[in-house]
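S.K.: The structure is given below, and queries will be raised subsequently.
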Amino acid sequence: MRPPGFRNFLLLASSLLFAGLSAVPQSFSPSLRSWPGAACRLSRAESERRCRAPGQPPGAALCHGRGRCDCGVCICHVTEPGMFFGPLCECHEWVCETYDGSTCAGHGKCDCGKCKCDQGWYGDACQYPTNCDLTKKKSNQMCKNSQDIICSNAGTCHCGRCKCDNSDGSGLVYGKFCECDDRECIDDETEEICGGHGKCYCGNCYCKAGWHGDKCEFQCDITPWESKRRCTSPDGKICSNRGTCVCGECTCHDVDPTGDWGDIHGDTCECDERDCRAVYDRYSDDFCSGHGQCNCGRCDCKAGWYGKKCEHPQSCTLSAEESIRKCQGSSDLPCSGRGKCECGKCTCYPPGDRRVYGKTCECDDRRCEDLDGVVCGGHGTCSCGRCVCERGWFGKLCQHPRKCNMTEEQSKNLCESADGILCSGKGSCHCGKCICSAEEWYISGEFCDCDDRDCDKHDGLICTGNGICSCGNCECWDGWNGNACEIWLGSEYP
């Protein structure tokens, strides 16, 4: 059996769906009409009274002048999808500001599009406490973005929460860490967001159909289907999954800023010249080990050379497989990914850099240097990429003194991360500095809060062996560039 009022509930739901987006005041009774389209059971005066704000005299605007009155219910005019105006159409906006996914940050109530904050909180989204019990260090730590920058350099930190710089009143800088800047979407000519042909989200324009460009400034004269067809590569992928399709043309992801066209090219980005480069080729403009021609990612070798990358001379008495095996040593890569293998012998790169050496280039003394270029913190010597510390010092880079001049309490206070946990629970504290667990080689950072597995790899090596992983980002050594320090921008070597 259906519960009492079920039919009336269906009538109400049908009425609301028919009317569009609307709101129902608490005084509304679902039995005011017997069925949709039936005569109203209220008098005209009573219907209009219910559509006026309390205390307003007869003759005052119904539904605040923003809707029509239908049997005591305001049917509000919908100006934009997602914008509502309340039971009596009294609100200009219905949706309130959010912070970290919560309306009014969970510290207030939404009233007509504006947050009414609980006592002890303030801000557009009630996100700022009036009294702060955090230390400045903890507060700043909570305000750092994934690049370890406080409020993305676009705001100030207030008790662990970012207050974005919107002094011009535009409100275009926002986000938990002020990481979004919608000023980037303003078209220079029209001064409109996305040229008036799209929506901006976190500094990026999302264009309406038929428009494209960084700021939706260009109009496309072909259909989306035709655009997709022109961008489809021979293997059936859009721009070979290595580019972006814009109005039927592929813009390939250029990974080599020094190249004339980059390593990826072709009408549908089907050619990847990186497949022609040996590890050591990145030190020069050579493809195919300097002994062949690269044609759309495949090497055509000169006479006297063979191999996938023309790396093996036919004059060598070893087979290509034997040559590579001799050059690998204990590494999975020939010459440890740091040199050129030719007939079973390694030539370490960059040439002339004495910090890279060994039979299979297994020693890399650059690993003993910190980001400032200091070897073993100035308290040790480097031996095959590892620090041998002087007496009284220890650590991967000899950065920790064995003697400490502070109390245990002082030391622990300096080792607490933003959440109050000592070294993020992944290390021990010594003299105010965290020593991350040796068992988990990938844990690093001031508070052991970073995971070096997040750093990009190339040729199977983190940061390609040409930089240091710092909190998930590669810090490249001089002469190197790229997300994984895979691009050589230094001098060309013979």
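Here the Cβ of each residue, glycine as well, is placed from N, Cα and C on the backbone.
Pulled from Swiss-Prot, these are the listed features:
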- 1-23: signal peptide (SIGNAL)
- C51-C69: disulfide bond (DISULFID)
- 51-494: region 'Cysteine-rich tandem repeats' (REGION)
- C63-C74: disulfide bond (DISULFID)
- 143-184: repeat 'III' (REPEAT)
- 180-217: domain 'I-EGF 4' (DOMAIN)
- C220-C247: disulfide bond (DISULFID)
- C252-C269: disulfide bond (DISULFID)
- C271-C296: disulfide bond (DISULFID)
- C276-C294: disulfide bond (DISULFID)
- C316-C343: disulfide bond (DISULFID)
- 316-362: domain 'I-EGF 7' (DOMAIN)
- 327-367: repeat 'VII' (REPEAT)
- C348-C361: disulfide bond (DISULFID)
- C368-C382: disulfide bond (DISULFID)
- C376-C387: disulfide bond (DISULFID)
- C415-C429: disulfide bond (DISULFID)
- C436-C448: disulfide bond (DISULFID)
- 455-494: repeat 'X' (REPEAT)
S.K.: Going by a 10 angstroms cut-off between Cβ atoms, which of the disulfide-bonded residues C348, C429, C448 has the sparsest surroundings?
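M.R.: Counting other Cβ atoms within 10 Å of each of the disulfide-bonded residues C348, C429, C448 gives the minimum at C429.
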S.K.: Just to be sure I understand, if DSSP states are collapsed into helix, strand and coil, how many residues of the domain 'I-EGF 4' (180-217) fall in each?
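M.R.: Reading the DSSP string over the domain 'I-EGF 4' (180-217) gives 7 helix, 14 strand, 17 coil.
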S.K.: Want to know which disulfide-bonded residues, from C69, C220, C269, C348, C376, C382, are within 10 Å of C63 (disulfide bond) at Cα; which are they?
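M.R.: Of C69, C220, C269, C348, C376, C382, within range: C69.
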S.K.: Quick one: pull the CA-CA distance for C316 (disulfide bond) versus C361 (disulfide bond), whole Å only.
M.R.: 21
S.K.: Can you tell which of C74, C269 has the least company, meaning the fewest other C-beta atoms within 10 angstroms of its C-beta, among these disulfide-bonded residues?
M.R.: C269
S.K.: Counting only residues 6+ away in sequence within the same chain, which have a CB under 8 Å from the CB of C296 (disulfide bond)?
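M.R.: Once residues fewer than 6 apart are set aside, C296 (disulfide bond) is near G266, E270, C271.
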S.K.: I need the least crowded one of these disulfide-bonded residues (C343, C376, C415), counting other C-beta atoms within 10 angstroms of each C-beta.
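M.R.: If we count Cβ atoms within 10 Å for the disulfide-bonded residues C343, C376, C415, the smallest count is at C343.
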S.K.: Return the residue, from the listed disulfide-bonded residues C63, C69, C247, C294, with the maximum count of other C-beta atoms within 10 angstroms of its C-beta.
M.R.: C63
S.K.: On the 0 to 100 pLDDT scale, where does the region 'Cysteine-rich tandem repeats' (51-494) sit on average?
M.R.: 84
